[in-house]
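Taken from Swiss-Prot as is:
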DOMAIN    249-324  domain 'Cytochrome b5 heme-binding'
BINDING   His284, His307  heme binding site
DOMAIN    361-473  domain 'FAD-binding FR-type'
BINDING   Arg413, Ala414, Tyr415, Thr416, Leu430, Val431, Lys432, Phe435, Leu447, Met448, Thr449, Ser497, Thr500  FAD binding site
SITE      Cys593  site 'Necessary for efficient electron Transfer'
Amino acid sequence: GFPVRVIIPGCIGGRMVKWLKRIIVTPAESDNYYHFKDNRVLPSHVDAELANAEAWWYKPEYIINELNINSVITTPCHDEILPINAFTTQRPYTLKGYAYSGGGKKVTRVEVTLDGGETWLVCTDHPEKPTKYGKYWCWCFWSLEVEVLDLLSAKEIAVRAWDESLNTQPEKLIWNVMGMMNNCWFRVKTNVCKPHKGEIGIVFDHPTLPGNESGGWMAKEKHLETAEAAAPGLKRSTSTPFMNTTDVGKEFTMSEVRKHASQESAWIVVHGHVYDCTKFLKDHPGGADSILINAGTDCTEEFDAIHSDKAKALLDTYRIGELITTGTGYSSDNSVHGGSVLSHLAPIRRAVRAPALSNPREKIHCRLVGKKELSRDVRLFRFSLPSPDQVLGLPIGKHIFVCASIEGKLCMRAYTPTSMVDEIGHFDLLVKVYFKNEHPKFPNGGLMTQYLDSLPVGSYIDVKGPLGHVEYTGRGSFVINGKQRHASRLAMICGGSGITPMYQIIQAVLRDQPEDHTEMHLVYANRTEDDILLRDELDRWAAEYPDRLKVWYVIDQVKRPEEGWKYSVGFVTEAVLREHVPEGGDDTLALACGPPPMIQFAISPNLEKMKYDMANSFVVF
């Protein structure tokens, strides 16, 4: 307490939290009553009478100094009701909670069972970083997606945790005279109820309630109205005529599809058909992430938004069956929560704010809070994140999908933010607007860029990600298609708005000075000098860090020759690249982003002439 506060992590709170007026240092252990008669775990056969008669209180081996391994379910909360209908059964329910162990030991895994311990599901852990001494003093939050119909058939949900010493929790409560250090499986009972007329649901019952509140299944104070009700009937989804589908007779539930959401097995659903895209991961032009971001889901709308008829025909090669869906006889109400319990759980839920892009399969709702016109056709947009204390959570080198409904259809386009990765509460997009009737090959202009340009401040868009096959992890290290790659020199060649992923990497390298020794050689192509995006920043950085960044511009035509253009005019040629980017080698990596003809005819063949290993040292964003 004031004026001195000492925090001793790992020591049990009940023993060590004190407000002190004075401290007395003694040569021997305290003989205070509470030092001996509290915070002890005596053997199960010892009751209060025996403990007093045989002086069990004074045996040092039973004192509590460290917590034991424990875990708790916080979501679903007590008295929460989950309706069973066509809406809720088509998406997973996310269980959440926390776990901890004593002595600074790391929680290594958390498991949930829905069948009384016959089988266990491994949860996704979200641990805090350890201290510099390798200790873990904070709660480890965890989550697990489960099928709603699996919850309906379960009698209870139970959780247990393991720590790095392979300690785990006992199945049943072990009695001791003080009732302390109980760490058996945390169980939440499930019961079928009738929350509304004609509807069934699952109500969740915790063992007890926080503080002095009464309730919970252990107290047996509340009787739930139960109903014998079957799950909604199943019906087969209707086939759609837009694809030339083959006669594949297998049928799959959405629950089965969701199990195939990894690099080892990637299934998707499009228009009621199930496709196994695992073999196509390595060949997808946008990288494996473009498929994995939707693996295990129904991505019909998104697939239609960004794929051509040719791609739709190609998809049919991977068709394995049809989707079985539930009936639609129930309403789509959201879960109903017990309000009193929510107030107790709120601090737990707020304690760790996950990055906005914590789940690549979910869209986040972002509000336009700033819009700046940098030139006739270039805009800088600022979007706020769902929470003001969040970061976007986009790894360096990856990009996001911006999603919007335009003229009644979903439109999705990939963008790389120009804001720093650790910006809190918002992110920035630099967008070149392609207007109608300005390019003969594209008379309608850019659908998404014109839409963004038309948005008033206060409007919302949806964002999804991260996706992409390239990630810069710092100090010359990359992860490319899941494989580690290190480079001390980067050849960065881009055109137009393809500067944004390069800009993100340049920004990361220069922020990590002097530790990051990566050399960057940027060749940036545009139509005119007025089309060069982020030129002020690039020129400033090149002047400030001449040993780290070299910039060379290439334009088709000079608009103002009187200003003395000192860079290249024309195309990105072999001569330009030989002069301004390093030759290929084991420590050199080429990064490219631009229009496909530029990649195919200007960059790839010329880098190959410069001894680049095009399979391992050339990456296209």
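A Cβ is built for glycine as well, from the same backbone N, Cα and C atoms used for every other residue.
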Checklist entry - Expressed to the nearest Å, what is the distance separating His284 (heme binding site) and Cys593 (site 'Necessary for efficient electron Transfer') at their Cα atoms? => result 16
Checklist entry - Going along the chain, which residues six or more apart from Thr449 (FAD binding site) have their CB under 8 A from its CB? => result Arg413, Val431, Lys432, Val433, Tyr434
Next on the checklist: Just to be sure I understand the packing, how many Cβ atoms besides its own are within 10 Å of the Cβ of His307 (heme binding site)?
Outcome noted: 13
Next on the checklist: Give me the CA-CA distance between Leu447 (FAD binding site) and Cys593 (site 'Necessary for efficient electron Transfer'), in Å, as a whole number.
Outcome noted: 21
Checklist entry - Of His307, Tyr415, Leu430, Thr500, which binding-site residues come within 10 Å of Cys593 (site 'Necessary for efficient electron Transfer'), going by C-alpha to C-alpha distance? => result Thr500
Checklist outcome for this item: Here the Cα-Cα span from Thr500 (FAD binding site) to His307 (heme binding site), rounded to a whole number of angstrom, reaches 23
Checklist outcome for this item: Counting every protein chain shown, other Cβ atoms within 10 Å of the Cβ of Leu430 (FAD binding site) number 21
Item to check | Between Leu430 (FAD binding site) and His307 (heme binding site), the C-alpha gap once rounded to whole angstrom | outcome: 24
Next on the checklist: Sequence gap of 6 or more, Cβ distance under 8 Å: name the residues on the same chain that satisfy this around Tyr415 (FAD binding site), in order along the sequence.
Outcome noted: His399, Ile400, Phe401, Val402, Leu429, Val431, Thr500
Checklist entry - Going by DSSP, how much of the domain 'Cytochrome b5 heme-binding' (249-324) is helix, how much is strand and how much is coil, in residues? => result 32 helix, 21 strand, 23 coil
Checklist outcome for this item: Per DSSP (helix/strand/coil reduction), Thr449 (FAD binding site) sits in helix
Checklist outcome for this item: Top of the recorded positions Leu447, Cys593 by count of other CB atoms within 10 A is Cys593
